[in-house]
Amino acid sequence: MEWGRIAVFASGTGSNFAALVQAQREGRLGGGSIELLVSDKPEAPVAQRAEEAGIPALLLRPKDFAGREQYEAAIVAELQRRNIGLVVLAGYMRLISPVLLAPYAGRIINIHPSLLPAFAGKDAIGQALEYGVKLTGVTVHFVDGGMDTGPVIAQRSVEVQSGDTAESLAARIHQVEYALYPEVVSAFAAGKVELNGRMTTIAE
Ligand code: GRF
């Protein structure tokens, strides 16, 4: 498995997918190369983006499989066929089971729009606004079997401004995501990320 051979998983809009593709085009993904899009929603806009970018897509509906294990086994087969070494979740709205976690241990990462462990799960931006925090942000973390519970790799903060709506705050958070995720993916592609217990270090 090569760290630089990347599959992006996404279920929706795919703006982070697009930002990663753009980063690769601009030489900001280090040795990273996006080899595959995986989506559980064949009709999602992200599938169209992959087509436009000329990136192969594996579009599978989980309900067409006997269960989650069979669905993920089909994905793992394709990842292994393409020698994928890093799985990058970008708005992939499913928990991952051991069928995918075991062969890709330490090789699956996710981006979440809050400073974890605050506001895990759905609608993190809405949760932050409702709570009234002054500072929120973006977290990139390893994926484990839980919901946004894996070790943190990188975090960046975003100030909540008075008068912010979910839309205005989301727009600033997304801009930070588009910058941070390519940086982290590039560090992985260069083999610079190390995990000890829950403590991650990124080598210079
Ligand atoms: C992002 O905010 C990401 O942090 C979260 O889901 C959203 C995906 O947005 N996990 P997009 O599909 O990349 O536009």
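Backbone N, Cα and C atoms are what each Cβ position is placed from, and that goes for glycine too.
Within N16, N110, the residue that TrEMBL lists together with R68, M93, R94, L95, I96 for binding (6R)-10-formyltetrahydrofolate is N110.
Listed in sequence order, the binding-site residues among G14, S15, N16, R68, R94 whose CB lies under 6 angstroms from an atom of ligand 1 come out as G14, S15, N16. When the record's (6R)-10-formyltetrahydrofolate-binding residues R68, M93, R94, L95, I96, N110 are compared pairwise by CA position, the greatest distance found is 19 Å. In the three-state DSSP assignment, the secondary structure recorded for H112 (active site, proton donor) is strand.
The binding-site residues examined here are S15, N16, N110; by Cβ neighbour count within 10 Å, the least packed of them is S15. On a Cα basis, N110 ((6R)-10-formyltetrahydrofolate binding site) lies 14 Å away from S15 (N(1)-(5-phospho-beta-D-ribosyl)glycinamide binding site). Nearest Cα neighbour of N16 (N(1)-(5-phospho-beta-D-ribosyl)glycinamide binding site) among the listed binding-site residues (R68, M93, L95): M93.
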